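One structure is given below, encoded as structure tokens.
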Amino acid sequence: MKIEKLLFPGNHSIWLSFNLFHVLSLPLLSTGAIFDESARRDDEVFRLAVADLNLNNEILETEKITISVEFVDGNNPFQAVQEACELMNRGILALVSSIGCMSAGSLQTLADAMHIPHLFIQRSPAGTPRSTCPLTSRLPGADDYTLMVRPPVYLNEVILQVVSEYSWQKFILFYDSDFDIRGIEDFLDRTSQQGMDVSLQKVESNINMMITSLFRTMRVEELHRYRDTLRRAVLFMSPATAKAFITEVVETNLVAFDCHWILINEEISDYDLQELVMKSIGRLTVVRQTFPMPQNTTQRCVKHNHRINTSLCDPKNAKAQQLEVSITNRYIYDTVLLLANTFHRKLEDRKWHSMASLNCIRKNSKPWQGGKSMLDTVKKFGVSGLTSFLEFTDNGTNPNIFFEILGTNYGEDRGRGVNRLATWDPLHGLNGTLTDRKLENNMRGVVLRVVTVLEEPFVMVSENVLGKPKKYQGYSIDVLDALSNYLGFKYEIYVTSDHKYGSLQPDGQWNGLIGELVSKRADVGLSALTITPERESVVDFTTRYMDYSVGVLLRKAERTVDMFACLAPFDLSLWACIAGTVLLIGILVYLLNWLNPPRLPMGSMSSTTLYNSMWFVYGSFVQQGGEVPYTTLATRMMMGVWWMFALIVISSYTANLAAFLTITRIENSIQSLQDLSKQTELPYGTVLDSAVYDQVRSKAMNPFERDPMYSQMWRMINRTGDGNVDESKEGVRKVKYGHFGFVWDTAVLEYIANNDEDCSFYTVSSNAPDRGYGIAMQHGSPYRDIFSQRILELQQNGDMDILKLKWWPKDSPCDLYSSVQMRQNGNALDIHSFAGVFCVLAAGVVISCLIAIVESWWSRRKGSRDDKEIDLEHLHRRVNSLCTEDESPHKQFSTSSADLTPLDMDALPAARQALEQISDFRNTHITTTTFIPEQIQTLSRSLSAKARAPNGGFFRSPIKTMSSIPYQPTGPGPNFGYGNDPDRGTSI
């Protein structure tokens, strides 16, 4: 008798056809199944698997599997237990279920009590990501008859590693209404421990209404802040909800081109993935479960001795795409394959236990005796199927699970390619890299918000026309423009309200530029921003585009004008000694000549007065010679020693004067940071809450970085309350107009010193740079790598050096490292060096003029006296003696003088006319004049009548006469008869 089909209308159970002979003679392979009433596709795959195995004679030769299927409400545990009891009453070897966690817990308790192997395939409602099922714990020592076909939920571990690889520190997590939020409690705890800022938001079923309410309730600032939050998001959603949500936020412009979203769902299909890519912008990363498959297509549908249905084994098959084979369906198929393999092994070892009709309603119901043996066989052997390899550990879980991380590039193009970035499994962890894909030099359409702090020469505001936006310039702006021209993005720039770079406040918040990035109000931070560990913990930095070191700005010593630089070679005491020596030697010379007067020639005007002695000693000291011929041995000895002394002094003065006038001596005690830290006379400081301030404090207070130099600097900086400043410009002003040293970035200080109009600054700094300037971005920014790559290209091509020379030229007009003003030409002497000499000369000229005026005044005062007459008696006797001495007209006399007042001679025309030049001696300078006797008498009368001397003095006038005039020899010794010498002359 052969029965084709039996129907049981009460419970919708269907028994497959079987041969009555086999039923009576062979053990029955009856299997029960309970599925969620909303998952009819599970029933189809289950029946398809049974049909395939019944047609395979290699696994089950003559035996056939019979099945009973029941549909229940996944949220009704009582119904699930009732239907399971009904299946046990009919007699089953194993129970297969694909329901939710709530009903699965009840079935677990029933299976443990009845000793029925229960193969549970966890199913999530509406395709949302799975959460760990809180199954009931069994009694100690009791066997757990429930086997978890699907592996444990590893979504917490996978998403944590993915987010860490992307360096996300702040993001939002969206989940739909069907997702059990308790499933990610462990993930939230671990992110909190790592300092991540994670926000949670539930996505309602009516997404359009939810987005509309956001626009209606939020202010503009809150909406901008929310839009920045959406740039980094994790989605725990079903594929349908994710597609609807992404479509809505893109159309309402809540996300921009630079957004990056991660979708977590084990069961997302290729078809759903392509639709998500088409609807999204920015970058999309998808984490889903995958199954290793053979590369050879002919072996994909063959697993050992079993050929799997082609509609299920090949995901590229057109029929498989239409059927939408989910991961749950794959595990259902492999479960049937595993049970068939277990039945086959049980039949081979002849340890078959017949099915017993169990009544789980009765209190005295006994469990199935063959359940333990069946459970052990299921655990002992595994099978290779659609889910790679299905097996169980001792605790009844499936350890084999693999995830793949798929990603797209940034862009707005539809139909972008999806690439596999990495894989993950519990044994090896992440295999691959999740580094952001390059933007492929295409950031067109992206507008970045750039926050900055004004700092010369990195960022400065140029002169702008009234009514137009401000224009910024500087070295950092040039670097940003070079990146913008290469990548194609645009930017909007603004200055922080507090004009600070940013530091951690006592309340845990960051201020300044860093605070703008942390709060997501800006995309990029740009200025003279140094890369520090504290800042890098909250923001991302590009590679350094310029080295950084700490320096000090100091004011150059003012070069005082020394008018008497010519006196610098000798000390004042030495000059006083020299002056005293001149006076002493002059007095000694006078005394020596007074004690032993020299023999001077007759008629010589030289004398050994104290005045002449002083003048002679001074003239010899300045190498101008003398007029008085000292002939005594003592005087000559004295003068010889004096001349040697004068030679040494003048030679030393000349050599030392040349050195003083051509070499500028620099004497400054601060030439390095070590010199600055050792001195205490010059106060110095830096900007409060700046990177320099933190660096000095760290190296002074941190025991692992303690440096004695920085420790001393830290004590000096905090010694006075006004040592530090709030802005760098204030520190520069204190240096320029006060007694202060400003500790700041060397690059900034060099620019300030180089562009000072008076060149009044100089800088000292450390030689080795220990940090660098970088561009700051938000944590996890997609632009960091492409910015860093472009900066390296600019450095390699030399473009960065060209930009640097624009603001720090080599041919600087100022000397940045000299503490005093230096001459541009060191060999040339200026007027300041000889100002004292010119002043002495001018003073001498003025004094001489004053003396001349006094002498003239004195002479005129004496000439105005009328009561003083010339003593003519002496003149009469002298003239008569000259006329009667010798009457010979040809006799020559020695030179003699007759004193007449000049006014007498000029006032008497008769006297001038009485002189007659009778002859000239040829080829000589001597002339003779003869007085006519009548004229002499007239002259005598005239002189006696009128002549008066205005000052009582006489003058010498040469008068040549042929009369007999006595003469006086010119030198000592006997008379050698010079009277007949034609070269001799006489004068009156």
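Placed from the backbone N, Cα and C atoms, the Cβ positions cover glycine too.
Here TrEMBL flags 1-32 as signal peptide.
Here TrEMBL flags CYS85-CYS360 (among others) as disulfide bond. For CYS85 (disulfide bond), the same-chain residues 6+ apart in sequence whose C-beta sits under 8 angstroms from its C-beta are LEU110, ASN359, CYS360, ILE361.
According to TrEMBL, the feature domain 'Ionotropic glutamate receptor C-terminal' maps to 447-810.
Positions annotated as domain 'Ionotropic glutamate receptor L-glutamate and glycine-binding' by TrEMBL: 457-519.
Feature annotation from TrEMBL assigns L-glutamate binding site to THR530, ARG535, ASP745. Residues within less than 8 Å, Cβ to Cβ, of THR530 (L-glutamate binding site) and separated from it by at least 6 positions along the same chain comprise TYR548, ALA691, ASP745, ARG771, GLY772, TYR773, GLY774.
The list of residues near the transmembrane segment (572-595) in space but at least 6 beyond its ends in sequence, with Cβ under 8 angstroms from a Cβ of it, reads 608-610, 613-614, 616-618, 621, 630, 632, 634-635, 638-639, 642, 645, 649. Annotation comment: TrEMBL describes 572-595 (among others) as transmembrane segment.
As annotated by TrEMBL, transmembrane segment applies to 641-663 (among others).
Around the Cβ of ILE670 (site 'Crucial to convey clamshell closure to channel opening'), the number of neighbouring Cβ atoms within 10 Å comes to 20. What TrEMBL lists as site 'Crucial to convey clamshell closure to channel opening' is ILE670.
Under 8 Å, Cβ to Cβ, and six or more positions away along its own chain, ARG697 (site 'Interaction with the cone snail toxin Con-ikot-ikot') finds TRP714. Sequence annotations record features per position, and here TrEMBL assigns site 'Interaction with the cone snail toxin Con-ikot-ikot' to ARG697.
Cβ contacts within 10 Å of CYS814 (disulfide bond), excluding its own Cβ and spanning all protein chains shown: 19. Residues annotated as disulfide bond in TrEMBL: CYS759-CYS814 (among others).
As annotated by TrEMBL, transmembrane segment applies to 834-858 (among others).
For 965-988, the entry in TrEMBL reads region 'Disordered'.
Same-chain residues at least 6 positions away in sequence with a Cβ under 8 Å from that of ARG535 (L-glutamate binding site) are, in sequence order, GLY502, ILE514, LEU529, PHE541, ALA691, ALA776. Assigned with DSSP, the residues of the domain 'Ionotropic glutamate receptor L-glutamate and glycine-binding' (457-519) fall into helix, strand and coil as follows: 20 helix, 15 strand, 28 coil. The Cβ of CYS360 (disulfide bond) has 18 neighbouring Cβ atoms from other residues within 10 Å, across all protein chains displayed. In this entry, THR530, ARG535, ASP745 make up the residues listed for L-glutamate, with the farthest two CA atoms of the set 17 Å from each other. Compute the center of the Cβ atoms of THR530, ARG535, ASP745, which mark the site for L-glutamate; besides them, the chain residues with Cβ within 8 Å of that center are TYR501, ALA528, LEU529, ILE531, THR532, TYR548, SER690, ALA691, VAL692, ARG771, TYR773. If you take every residue in the domain 'Ionotropic glutamate receptor C-terminal' (447-810) and average the pLDDT, you get 80.
Here the CA atom of ILE670 (site 'Crucial to convey clamshell closure to channel opening') lies 19 Å from the CA atom of CYS814 (disulfide bond).
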